[in-house]
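Over in TrEMBL, the protein carries these features:
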| type | residues | note |
| --- | --- | --- |
| BINDING | Gly566, Ala567, Thr568, Gly569, Ala570, Gly571, Lys572, Ser573 | ATP binding site |
| COMPBIAS | 1-20 | compositional bias 'Polar residues' |
| COMPBIAS | 21-45 | compositional bias 'Low complexity' |
| COMPBIAS | 261-273 | compositional bias 'Basic and acidic residues' |
| DOMAIN | 549-749 | domain 'FtsK' |
| REGION | 1-48 | region 'Disordered' |
| REGION | 259-289 | region 'Disordered' |
| REGION | 308-332 | region 'Disordered' |
| REGION | 942-965 | region 'Disordered' |
| TRANSMEM | 99-120 | transmembrane segment |
| TRANSMEM | 132-151 | transmembrane segment |
| TRANSMEM | 163-181 | transmembrane segment |
| TRANSMEM | 193-211 | transmembrane segment |
| TRANSMEM | 218-240 | transmembrane segment |
Amino acid sequence: MADMATRTSPAPKRTSSSKTGAPAGRSGSSAAKSGRSGSSGGSARTRQLPAVEHRQPWLLRVAGGAWLGIGHLVGGGVRRIGQDVSDLAPEDRRDGAALFNLALAVFIATFAWWGLRGWFPDAVYAVVNGTFGWMSLVLPLMLFVCACRLFRQPVDGRGNNRVGIGFLIMTFAGCGIAHIVGGQPTVSEGFDGLRQAGGMLGFLAASPLAAIHPAVPVVLYGLLAFVSVLIVTATPFGAIPRRLRGAYEHLMGVDLQENDGDAHDRSYLDENSRPAPKKKRKRLFGKDEEADPRLEGYVGDEAFEHAVIDDDDPSPGASKGTPAVAPGVRRPTQAEIAVEKIKAAQGLGTKGADAENATEAIPLVTPGMAGAAAVPGATPGAAVQVPAKPVAPAPLPTPIPQRTEQLSLAGDVTYTLPSSDVLTPGSIPKERTEANDAVVAALTDTLQQFNVDATVTGFSRGPTVTRYEIELAPGTKVERVTALSKNISYAVASSDVRILSPIPGKSAIGIEIPNTDRETVSLGDVLRSQNARRTDHPMVMGVGKDVEGGYVVANLAKMPHLLVAGATGAGKSSFVNSMITSLLMRATPDEVRMVMVDPKRVELTAYEGVPHLITPIITNPKKAAEALQWVVREMDARYDDLANYGFKHVDDFNKAVRAGKVQPPVDSKRVIRPYPYLLVIVDELADLMMVAPRDVEDSIVRITQLARAAGIHLVLATQRPSVDVVTGLIKANVPSRMAFATSSVTDSRVVLDQPGAEKLIGQGDALFLPMGASKAMRVQGAWVTESEIHKVVEHVKGQLQAVYRDDVAPEAQKKQIDDDIGDDLEVLLQATELVVTTQFGSTSMLQRKLRVGFAKAGRLMDLLESRGVVGPSEGSKARDVLVKPDDLAAVLAAMKGQEAPATADSQTAALSDNANANIAQGGYAEDLVAADLDNRTQSIEYYDGADTAGDDEDGSEDAWSLTGR
Ligand SMILES: Nc1ncnc2c1ncn2[C@@H]1O[C@H](COP(=O)(O)OP(=O)(O)OP(=O)(O)O)[C@@H](O)[C@H]1O
């Protein structure tokens, strides 16, 4: 157990400057000035470490080296067993201490277990046995466990301490019990007597209590021993049955849940009845309705409900916004800041595995620090030269608890959600690195240089950025700091500095500066966080991590529609992937169905065939527009049901259906089933808006205005957040926004109605503005790898086949040429072309240009009016032309009864289709595209000479960019 209960951070490292005695750099001046705190006697400069380090005798060094060498050898072997933790960074290893525990375990075992004799073993045995009595038999085991932990998880300081403390308590309690059971020997019986019971420790622990009654220590220490087992195994009291069950399953190799026939039925009843606060039940079915437990869960919309599921457990220290420095604690002097910085650099701390509640800003001075101003080598320059501490591998995560109910699907199918281990844990989040300390020094320097009376009081390190907190002295204006934004950027060598004034909920200015050592946020960790576990709502997704290091999860049903925007490469598709994977991890196809629109054709293909899809992934923008119209129809159908049966929300309806309270009309054969949530994901809205802007906008607006109650939710992603794509109407109806880095402040305003997104640093760095929030929250998006997605998709597809509806995006049917056109198609096409290109709807012009009689020209004009090309007759005036030259090709195709290849985009898509097919056949895609482009140019020339050049340019660009992707 040596070393287990005390150490939480790696051994202090010598800074490179301390070896060389390097002078303090730019920031060193602050430390030099800080000598004014002076209480510890002298400035930091005078206390620098001597340039020549003190060397130990060679024999000791050889012995130490040999010991460590053996430690690394054994440690390497131990780490290779079982899960792969062999990639520990050298400075994270604690093989020397681990080997010591192991050696001690073996040594004690040799005489306690195997009876080795000799003067030395006998002497040690007498001491160990005399101290711990019978517990000396268990000691080797405990030491062995400690050694293994230290070999395998040296960076899990918190876990190691827990195990160490647990074993200490266990030893103490065990000795106490052994003392009573062993007949309560007295000291007068000497060590020989004590050894036959609980040893000296047992005597000290139990004899005072035994004076009351011998049962007292037995009961008390029995309980303590039980508690120590819980501590060692990290088992919360409530989790004991689950742990026992898990252990049994593991040992016996069985799955109790599978064998539990009852669980199935029970779970079906329990479906959706999460423990909800008991509130007065809403009356759904009139006065004489019977209380139905399955209806208890629904409480309708809640006051102040919001999309983000956050930590509503106000446990001390767990809350966000805890002051960086406790009230009453004086603010640190510059010297103290420098000293703390050096200390941190010498022993960089990492968060333990359970970092999710550690959202406090790190105070830069603690009460105990006062007066500790001078530490050898205490120069900021020294601090920043310490080599970076590499990210340590995360300890194994606690699995996401499987939902307690078996998931029963319509048709009596049992569906198992993917297991949590398909999503791998991410790296252990760092709480503080030397990069942070260097920034603190730079900020402090900048404030001093400009004579601003303000102090950097702490910081919260997130995965992408760290928010440094600055407190102003009374009488100092906030503007004095905000005006320094450019100087701060210069000092920290980053153009992406964002100033928050104030930090919401705090009297402090926040300065967000990108970490030079960013950390990836794994989706698995987000979904395993307490926030995600708090609910099993199927629409909950892992969003990422905020600046304070807290996990952000959100309920898509509460958003209720989301706009995701950002420049190319900013992280939109990764976010969409995390969102879909979250849903696949947590929801059955009966709970959530999806429509995926992927005009880019590559982003969502991994999900093809998952049973949650209602239609194959739609890649053709025109079909996508049709699918949106289907969604509107579906929404209307749901609304009809809600209205007919008297419900306000589909959740109510579903609960009533499950309770058998909703019956179809007597003469109807309809089987009423609960409606799943329907999530419509559009990965590039711009492509849809190019094809049919009005139709798409109409559908989106209608869906977004009404669909919440119908359980239909939209996620619209775009890399072109311009006003012609994200129109005012769409924006007004999509209340939640996720803005990744945008290329301009204008784009940021389009997405968020405020600047900020242009300052983001890309690759998943985002501002999340859920519905109702006044300030955007900065998050680093969750990351899910392709192989994880693949595993999840494979699992899901293995559970159930996708059953597609064929009415969502129907195959285009060949239209017949309308009867009323008859044999006049050719001349009608010419007339259309003429009218549209000239934008002049005159019958006499048709007569002249087409050389037809008055009657025929009049008939042609009537046909044009019936097809919406021209407006109604206005006496002798020319008619209004309603079709723009751009849309001519589409109109002509429609008249010919063809699928309209009218717009540049749909032509491009077709080209890309051909190109892909050609690639598959080993042909030359680019030649084909070029050839097709030529054809297209000609055909456009044929229709509209004037506009050809412009159209061609656009079309060419799109075509090349599509095939280039
Ligand atoms: N949350 C994240 N964590 C880590 N890296 C990320 C994250 N999100 C994105 N990235 C990085 O950024 C790259 C681009 O991301 P992504 O493809 O999602 O961008 P995009 O906005 O969809 O771009 P485009 O619009 O061109 O498709 C990814 O390949 C990945 O390397």
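Cβ atoms here come from the backbone N, Cα and C positions, even for glycine.
Across 132-151, 163-181, 218-240, stretch 163-181 shows the highest tally of CB pairs under 8 A with the transmembrane segment (193-211). The ATP site is defined by Gly566, Ala567, Thr568, Gly569, Ala570, Gly571, Lys572, Ser573, and by the 8 Å test on Cβ atoms against their centroid, the other residues of the chain that qualify are Gln719, Phe740, Ala741, Gly762. Within 10 Å of the C-beta of Gly571 (ATP binding site) we count 25 further C-beta atoms, all protein chains included. Of the listed binding-site residues, namely Thr568, Ser573, the sparsest CB environment within 10 A is found at Thr568.
The average pLDDT computed over the domain 'FtsK' (549-749) stands at 88. In the three-state DSSP scheme, Lys572 (ATP binding site) is classed as helix. Beyond the transmembrane segment (163-181), the same-chain residues lying 6 or more positions past its ends with a Cβ under 8 Å from any Cβ of the stretch are 1, 3-6, 132-135, 138-139, 142, 145-146, 149, 197-199, 201-203, 205-207, 209-210, 214, 217-218, 220-222, 224-225, 227-229, 231-232. Sequence-distant contacts of Ala567 (ATP binding site), defined by Cβ-Cβ distance under 8 angstroms and a gap of at least six in the same chain, are Gln719, Phe740, Ala741, Thr742, Ser743, Asp747, Gly762. Contact annotation for binding-site residues (Ala567, Thr568, Ala570, Ser573) versus ligand 1: Thr568, Ala570, Ser573, each with CB under 6 Å from a ligand atom.
Look at the binding-site residues Gly566, Gly569 and count other Cβ atoms within 10 Å of each Cβ; Gly569 has the fewest. The number of other CB atoms found within 10 A of the CB of Lys572 (ATP binding site), across every protein chain shown, is 25. Taking a C-beta cut-off of under 8 Å and a sequence gap of six or more, Ala570 (ATP binding site) has these contacts in its own chain: Gln719, Phe740, Ala741, Thr742, Leu760, Gly762, Gln763, Gly764, Asp765, Ala766.
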